[in-house]
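Feature list (source: TrEMBL):
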type	residues	note
TRANSMEM	B:21-47	transmembrane segment
TRANSMEM	B:80-97	transmembrane segment
TRANSMEM	B:109-128	transmembrane segment
TRANSMEM	B:134-155	transmembrane segment
TRANSMEM	B:167-189	transmembrane segment
TRANSMEM	B:214-233	transmembrane segment
TRANSMEM	B:254-281	transmembrane segment
TRANSMEM	B:293-314	transmembrane segment
TRANSMEM	B:326-343	transmembrane segment
Amino acid sequence: MSNLFVKDIVVSYSGLPIIDRLNISIPDHKITTIIGPNGCGKSTLLKTIARILKTDRGAVFLDGKAIQQLSTKKVAKRMAILPQSSEVPPGLTIFELVSYGRFPHQRGLGTLKLEDLKQIDWAIQVTGLSELKDRPVVALSGGQRQRVWIAMALAQDTDILILDEPTTYLDLAHQLDILLLLEKLNKEEERTIIMVLHDLNLASRFSHNMIAMKEGSIVAEGPPSKVMTSSTIQKVFDIDANLTICPFSTNPILHSYQLSGCTQDLLENANEG
Amino acid sequence: MSILEKRTQIATEDIVYRSRPIIASIIIIGGLIGLVAAIGLSVSFGAADIDIGTVWSAIVQYNDELTSHQIIKEIRLPRVLGAALVGACFAVSGSIMQGMTRNPLADSGLLGLNAGSAFMLAICFAFFPGMPYMYIIFFSFLGAALGAGLVFGIGSLSRGGLKPVRLVLAGAAVSALLIALSEGIAIYYRISQDLAFWYAGGVSGTKWENLEIVAPWVVVAFVGAMFFSKSITIISLGEEIAIGLGQRTKKIKFFLAIIVLVLAGIAVSVVGAVGFVGLIIPHITRFLVGHDYRWIIPCSAILGGLLVVLADFAARMANPPLETPIGALIALLGVPFFLYLARKGGEGI
Amino acid sequence: MIPNKYVSEYQQRRNKKNISIIFVVILLIISMLIISMNTGYIRLSPKELFETFFGMGTERQSLILFEFRLPRIVLSILVGMALAVSGCILQGISRNALADPGILGINAGAGLGVVLFISFFPSTTETPVFLLPFIAFLGSGITAVLIYLLSYKKGEGISPVRLLLTGIAIAAGISAAMIVLTLKLDSETYQFVAVWLAGSIWGSNWKFVLSLLPWILILIPFVIAKARVINTLNLGDVRATGLGLAVEKERILLLGAAVALAGAGVSVSGGIGFVGLVAPHMARQLVGARHQFVILASAMMGGLLLLVADTIGRVILQPSEIPAGIVVAIIGAPYFLYLLVKSKA
């Protein structure tokens, strides 16, 4: 049994049930990615795991205890969450914002102790922000800003990292940049990473474990080789996919894809042309 | 499809989905009938009750030897029409402001119009006591223009240009300054209560001459608002999307600001700072007809007119022969509804 | 001592600069205090002031200084601090730059309390006037609780947007009720109410100082101790929860502190609204966004601003007085606009 698992949860959002009796276990020290179409409940699942949303029934268990029963500060020492980007309060330098990540470890006024400073310094270094740390956060580009939020989560010093679409709105190079950083953190520090990604190819390439969701339930779950099959993708996204093998990870990736049902016509058109 | 295009498409589909032309048509027709009925009601009741037949004959066959006809023509009718006009002006200007700044709390008070008008009013009362009504209205309008001019001027002076947040902040600060100045004048010259009575008077002083001067401007501004209504819908989706759809947002915003100034300036100068109409009617209208400003503008005009006519009627009838301040009545009516919206709508309001 | 290699020189300078800025503002308050002590209808020269202060002045001089000027000066500093810190909390936790104690209906509630009270006791005799701060505090407290209850939703708690909207609606309703009531007052009483609503430090009396002091001494340190919490709330609810903050609980505590501070301030000063809006903005402009500094700087800026305003209001149109609330807006608004024009973000 892993440290983090979800048991029989029912989650609704302003009265509408989004997730209905879902069970899943998140493997320790692995990268797990949740995929699925818009509105399938993947962000809801992620937020429920991170205790942002409360369950109507069932519970998320961390170290064998229901997460809502644990003190929120205790949980914050175990897991950090990166929501989709929001506005940054103006007037903060990168160092200052990253230092906010020490919150669960501090008491009183929040004077930074040696241990805090070391952790902040490490987080800034790992995310490659050392040169920028005195800059105001509002002056950064999207990719840099995402790194700052990751650095803040790292300063929190947790073994679980939860990220909601960390690569959205970033260009290809910056997307890779973020995922390579997460891969490194997983490899070198054995951190458990759970995230939502829209790009199936990146998800497959960087994950040990994938969860495919549709309409609030899990359709498939397991290593990419098991989840990234044309039948699963057809079921989840309603698309016909040609799969191939990623030369960098040996996991399956999409070569090309088409909305289900149109494939035959398109192939004929292509052959004629 | 780029993200921007996609967002635009989703947003426009959303608008089409959420606009309700049938309900809107019902509101326009029903509202107009209601408005006429309310005007008739309001004209026939008062210190001296006059039956509806006399009201009708006073309009179609005016006889200046009958006192009742005189009361209707010279006192009640201009007043009630003034109320309808003021309500429509506030409501439309509020709709435009909220759409343009994408701020659900925007109204004419936000642009410094109310404060500017109050400031000028204080000056008129303190330094030129006994000034004729027409001049007071005129200076009050000048004050509203001054307030709005300051807000827009300072807002666009800033580095990075005119952003909604900045406009709101500038509006709050300019209003605070102008209100402080008028309070200072009022307290020093001991005219606070006179000012309060002026505001309490509401639309009661409206005469045909005033309506004749004001009406053409209001009509032009309404036509302008209808002309730009589609652009307001698009601007209300966000600046980038509007530019992406080929809107010349700067130019449009400039014209819209002028329209708001004319409408709200006139309304404020006639009736004083009755903020709640401009705040609440747009919300009610959007709640009823959706997010298409081609429907929102006419519907909010009618609903706004209806609300102020009824409020004016209630203000006269509540405690005769004294008049209850119309602004206070509207606020007392509006507050519970606004609270309901705030609870129901949550963030989306 | 922590080795400095983990904190860049720039950051160290930034922190030191913030501390010195706060000290400079304190020095400004002290110098303003001295100026304020020797200005007024009867001037006291610096020498006389010094002598009187150390008990060597004439009876008349010490009466003026200790019974009239000093309590008023101390009171305006304290009120300024209370309102500024209240505004600072509200802006921090609602993430809305326009939030000030007014949005919690505090000014409106206190005003309605006072107007109701005066309608029942129209003669401004000794006893009722002395009860006014209490009535005002009661009015603001009841209003704040009402707003809180109306914006509370089961299962969702309090959302800042809903709180803001409810506050605006309730304040508008109360103002409307107040207009109806005030029209019935005679013109002398109305003048008193108008001055009260505009906000003036009228209760220049050590008793008022003593009634305000405990709130300041307890609540401002409490809020400073919560600086980290406000920092975290300022990042938004989801991030704050992720960082291990009990968002609902902390928000209620801080709201309570904001209401109590503003209520206590408004009770002796009337409707001074602008300090709570503008002082935190000025403070952030000077010391950045970390509330460990912002709260203290706001308190100092608020105290300074109101002291300056009250002194100016006291002397500029002698022998009549301009309410401090008006002076604050007249000097504060242009500065605020200047900041707005100057700032990039």
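Every residue gets a Cβ built from N, Cα and C, even glycine.
No contact links the transmembrane segment (B:326-343) to the transmembrane segment (B:134-155), because fewer than 3 Cβ pairs that are 6 or more residues apart lie under 8 A.
The recorded stretches the transmembrane segment (B:167-189) and the transmembrane segment (B:109-128) share 3+ CB pairs below 8 A when only pairs 6 or more apart in sequence are counted, and are therefore in contact. By number of Cβ pairs under 8 Å, the transmembrane segment (B:293-314) is matched best by B:80-97 from the list B:21-47, B:80-97, B:214-233. Long-range neighbours of the transmembrane segment (B:80-97) within the same chain, counting only residues 6 or more positions beyond its ends whose Cβ lies under 8 Å from a Cβ of the stretch, are 35, 39, 42-43, 103, 106-108, 110-111, 202-203, 206, 210-211, 214-215, 218, 221-222, 225, 232, 256, 259-260, 263-264, 266-267, 270-271, 274, 277-279, 281-282, 285, 293, 296-297, 300-309, 311-313.
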